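Following: one structure in structure tokens, then a few remarks.
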Amino acid sequence: MARIRGPRLAVLLALAALAAVAAAAAVGEARSQSTYIIHLAPDHPALTVARANGGGAAVLGRLLPRRLRAPRPRVLYSYQHAATGIAARLTPEQAAHAAAGEGVLAVYPDQARQLHTTHTPAFLHLTEAAGLLPAATRGASSAVVGVLDTGLYPIGRGSFAAPAGLGPAPASFSGGCVSTGSFNASAYCNSKLIGAKVFYQGYEAALGHPIDETKESKSPLDTEGHGTHTASTAAGSPVAGAGFFDYAKGQAVGMDAGARIAAYKICWKSGCYDSDILAAMDEAVADGVDVISLSVGAGGYAPSFFQDSIAIGAFHAVSKGIVVSCSAGNSGPGEYTATNIAPWILTVGASTIDREFPADVVLGDGRVFGGVSLYAGDPLNSTQLPLVFAGDCGSRLCLLGELDPKKVAGKIVLCERGKTARVEKGAAVKLAGGAGMILANTEASGEELVADSHLVPATMVGQKFGDKIKYYVQTDPSPTATIVFRGTVIGKSPSAPRVASFSSRGPNYRAREILKPDVIAPGVNILAAWTGAASPTDLDIDSRRVEFNIISGTSMSCPHVSGLAALLRQAHPDWSPAAIKSALMTTAYNLDNSGETIKDLATGVESTPFVRGAGHVDPNSALDPGLVYDAGTDDYVAFLCTLGYPPSLISIFTKDSSVADCSRKFARSGDLNYPAFAAVFSSYKDSVTYHRVVRNVGSNSSAVYESKIVSPSGVDVTVSPSKLVFDDKNRSLAYEITIAVSGNPVIVDAKYSFGSISWSDGVHNVTSPIAVTWPSNGGSAAM
Ligand SMILES: *[C@@H]1O[C@H](CO)[C@@H](O)[C@H](O)[C@H]1NC(C)=O
Ligand SMILES: *[C@@H]1O[C@H](CO)[C@@H](O)[C@H](O)[C@H]1NC(C)=O
Ligand SMILES: *[C@@H]1O[C@H](CO)[C@@H](O)[C@H](O)[C@H]1NC(C)=O
Ligand SMILES: *[C@@H]1O[C@H](CO)[C@@H](O)[C@H](O)[C@H]1NC(C)=O
Ligand SMILES: *[C@@H]1O[C@H](CO)[C@@H](O)[C@H](O)[C@H]1NC(C)=O
């Protein structure tokens, strides 16, 4: 390793000082500068100096010639644990020069990621009835869940109070709470909330000016609500009498109520920047969290693994034994929309639970149309009121300020969904003097219903009912309506779980032979703690403040699984992140509460493994899965090599050498020891063989597992051996599975076929989905 010598060091330190001055005052920064993340070879000589003087400025001294040192580059972060490199403000010219530098693996522009919530406030109460609050959540726990989100609002929130008997933070945790701005660590942190940090260098740099502290808090304090919600879902303490107004009263509790929470604030009003995310992952790894929960990701298609800070940071975290659980995204129902799809990440889709909030429309002619609502104000008391169509009153979408008060005052207004937030449409009706709202879907959203905390008496109906109500308004000489709110109804929904239309789907945009998402978990109408600094709708016109809120999104499903992973980490300290993920996947269930395959709300029919992954998480079964499919860093490197990434780029993920060793490759990327199978056929004669190794983690040292195959249509699946005879606990055995087009000529009408393989010893069923993509189905992404 090269050493930096005296004179050079002086120059570097001087540059560091200049950079520090620049950092202190963001003023004077050239407009042309933007943030870049620079990944360096782990043995890059500049790193030693960078670390010695506590910053990454030295790195730039090595990378930029004197002529390119103006405008002054500014270093935002230096990464050591979740990546190796820095984030800095550079001109495109400086960035290009740096990219060509020796030992520079890659230079990427910083990007804003999104929170994975549908902006659909709704209310629901999650209880033990959903079967997802395992008894094991009671009592002390040493697991630490790192929640990377909008921060956390602990003030007066029982969810973040330390339950009696919870001991001090685990000795393995070296993080802590920062006291800054409106966040008072000595008042807010305790043995439940043991970490609170804030990351805004990338955000502020992108803004071009300091954060407006009248609008958001430059501290770990959550002024948005999302992070408070996700953290309490994963590991909140039990709170009795939770609920929203009269809806769904009961106990609220996180999945792992005994786990500790470390909050890392990375998301701000305009998004969550890669440079800040990577910095937070860097610290979370160094702090020693057990699980990272990240309900954030790309809004569009998944970026390639080596341009994705979440994938890069997660790789390092997983190599340290940390489980990284992420939301799949809310870009469904289109295919290839799942994000956070690297195989080392646990990718979570969203499904419904068994609870609804009906609110009926009763028309003047006596007809009743069912809808949903979480309106919590004064009811209409069955009073029939004049009904108008918003399209006749200036704005069919009920945009703020566009409704004619003369036409809507005192009336119920039929508005169409689209363009603006649903709750905002109700606000527009209210501001124009309207008495209530019926929000109707159009073809774009069909029959998907979302219960919202409207500011006027309002309900939402599907497209079919909406069209009928519209016809009534347009044909009846004096149309009237009222809305009857029926509160909270449990166990009557057609079936549960169902996969939300918004939940992002596979196939995997970056690696089609790795099935994604991995699992589904509750993500629709989830009740959890909320900030006191914003309304439940996050609208300024909404002056309400609530301790709990109900929102929907894969953002909500992810922390459920993060909490379950924390429980599994505690129950099985020697399991790797891959083993924990395997346990959750192979024990997931695929039938709903009516005994049929879990349905997809986007289509109304059966979901597929590209929609529900391996199925819905089943925590109690995951505690004892029988067998696990394990994998480690070396396997993931071999996987990346197999995908064809150049070794120099793979070095972004590894930290042990400057050029990754690609001497080990799989025959195909799907040969990674994954607990699911995705075969991509290139012809109607194709056949793929995948290799797997399973480890006996059950209590029976002489367990015998037999395979049971459900072949996808048009496909023959064979397994060898078909019986696995173990002779000891923790012993591993290999098998191979061949997925081939059936011998006889087949005409397969579908783009995909699905099946499964299950290994059973009579006590455990270890089940993996099999997905087949037929030829000429394009869609594959470039790296
Ligand atoms: C922070 O909280 C502690 C403990 O409640 C209190 O003593 C202290 O005065 C608070 N500090 C500020 C700046 O409010
Ligand atoms: C419905 O009845 C309640 C209770 O009597 C009353 O407070 C409320 O104002 C009534 N609402 C309307 C729209 O008349
Ligand atoms: C372990 O598995 C073997 C083979 O299936 C079976 O015969 C035996 O009864 C099992 N032992 C226990 C304790 O379940
Ligand atoms: C079981 O095997 C795995 C992988 O070889 C190892 O990491 C783990 O420590 C073993 N556990 C026990 C209890 O021996
Ligand atoms: C395993 O699957 C079979 C059906 O294939 C089912 O009858 C049995 O109840 C399952 N066992 C467990 C423990 O889930």
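Think of each number as a place in line: the chain as shown, counted from 1.
Cβ atoms are placed via backbone N, Cα and C, with glycine included.
The model shown is predicted, which means the values in this text are computed figures rather than measured ones.
Going by TrEMBL, these are the annotated features:
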DOMAIN    35-116  domain 'Inhibitor I9'
DOMAIN    143-592  domain 'Peptidase S8/S53'
ACT_SITE  ASP149  active site, charge relay system
REGION    213-233  region 'Disordered'
ACT_SITE  HIS226  active site, charge relay system
DOMAIN    385-469  domain 'PA'
ACT_SITE  SER555  active site, charge relay system
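Between the CA atoms of SER555 (active site, charge relay system) and ASP149 (active site, charge relay system) there is a gap of 10 Å.
Between the CA atoms of HIS226 (active site, charge relay system) and ASP149 (active site, charge relay system) there is a gap of 7 Å, rounded to the nearest whole number. According to DSSP, the secondary structure content of the domain 'PA' (385-469) in residues is 24 helix, 21 strand, 40 coil. A sphere of 10 angstroms centred on the C-beta of ASP149 (active site, charge relay system) encloses 30 other C-beta atoms.
Less than 6 Å separates the Cβ from ligand 5 in the case of none of the active-site residues ASP149, HIS226, SER555.
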